[in-house]
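According to Swiss-Prot:
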BINDING   110-117, 192-196, 250-253  GTP binding site
REGION    1-297  region 'G-domain'
REGION    298-536  region 'M-domain'
Amino acid sequence: MVLEDLGKRINGAFANLSKGGDIDEALDAMLKEVCSALLESDVNIKLVSQLRQKVKNSVKATPNGASKKKVIQKALFDELVNLVGVDESAASAAKFKPQKGKSNVVMFVGLQGSGKTTSCTKLAVYYQRRGFKVGLVCADTFRAGAFDQLKQNATKAKIPFFGSYTETDPVAVAAEGVAKFKKEKFEIIIVDTSGRHRQESELFTEMVDIGAAVKPDSTIMVLDASIGQAAEPQSRAFKDASDFGSIILTKMDGHAKGGGAISAVAATNTPIIFIGTGEHIHDLEAFSPKQFISKLLGIGDLQGLMETMQSLNLDQKKTMEHIQEGIFTLADLRDQMGNMLKMGSLSSIAGMIPGLSGMASSISDEEGTRRIKRMIYILDSMNQKELDSDGSIFKEVPSRITRVARGSGTSIREVEEVLQQQKMMASMASRMGGKNGMMSRMQNAQNNPAQMAAAQRRAQQMMGGGAGGMPGMGGMPGMGGMPGMGGMPGMGGGMPDMSALQGMFPGGMPDMGQMMNMVQNNPQMKAMARSMGLGI
């Protein structure tokens, strides 16, 4: 059972709890379904049994007059977080915070085939996109082709690398590579070490020797999520031999035992800092237990979305100014499309937005990215006068559409769809702009961490009906106008607090069911959603 299916099963159990009837019977049925789903995901039976008992104990302690349903929902959420998390002191101690202007050495360890070399490149890209000067060192002299693999990955990602085809001593290669990058003032130096097919003593000796030579600021173990519960003894064995501080769990995107692997690692009290969610170099997500469970249950991860946007330093200043004036040009649309590609996969972004998580499975990341790129080709084929316009120039001179289609290698229909999307965004911008517009109200709420935390808590309290149908769960306004669900124009300044958005709708914010009906019943919105790769 992949994690997506696990989330659906748990959400289905929540939905049954909301149907009414005897609450105690509903609790037993819900726990039976949740525990069954966890066991199928290879979570240890002892851990599942403990979760069931802790939830029941929390419900028994419910004070008179309190809502049992809310207590059950909160208790299960908290216990799921505890299942995949470690205590705060261990997480804080292992948290790697690289400093700019200083050389930070990171050493990777793990068994062969765990995805270690690929994860090295992913982490390098992760920090490179955040402004760090990153270098890769291949100290894996055991596996044939290891240096070629790292070289290929690093070249594709445009990351400087170091390795040797002739030197067979991994300690010498590691020391030389780290010394070279330190001399050249690299800020993050990632050392890839050798792996083995099993836990051999030579591997552990080699890890200790390399660690002594390069003196890493952080040692990360890479584990394959497909091994499920076996992650616990494997991580304990490595922990005893090399005192690594944290773990990257790979292959979380398509294996049935991902949940079991996470809970098994958590049982060792070793924090997971990243999870690999795909084969591409950008498919690496920072791991937070609360945010992970929130996304799993379809609640979204507003905090994670904000952190992603802020860490990438997306340039939204010009678009923000236009929105405040009630304007949205074709150039603004091009900027938004570019920012979408920088943020990562569409399904990952969808998973961070409350209520849209359930739609993530209908998005093919490859197809969505392809369509966004084609939209950018179309916009890049326009001249500056056209880009600075509101699109009406194409209506006045229709031959421009044909010229742009030919120049971009696309069809007239695709150009018209881009113009239609810009028109819808411009219409939204006109409603949002001005002193009394939505943007003005949003700015009063954004950039406020306390309000953001409160918004996430409110989302958690609305878990009753599962993703896409949580009772009373507010959807994001104007979903049809969000470029590929990347967010409202100007969202780079921070997501607005949900309570602030509530006040902008006199009748209350529409839930996701209502919003989907709006899309289905509006041909323009439906066409635009399809153009973005949504299965609508």
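Heads up, the Cβ atoms here are built off N, Cα and C, so glycines get one too.
All features noted in Swiss-Prot, drawn onto the structure.
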residue : record           : Cβ within 10 Å
Gly110  : GTP binding site : 29
Gly113  : GTP binding site : 13
Lys116  : GTP binding site : 27
Thr193  : GTP binding site : 31
Met252  : GTP binding site : 26
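Each residue in the region 'G-domain' (1-297) has a pLDDT score, and their mean in this model is 84.
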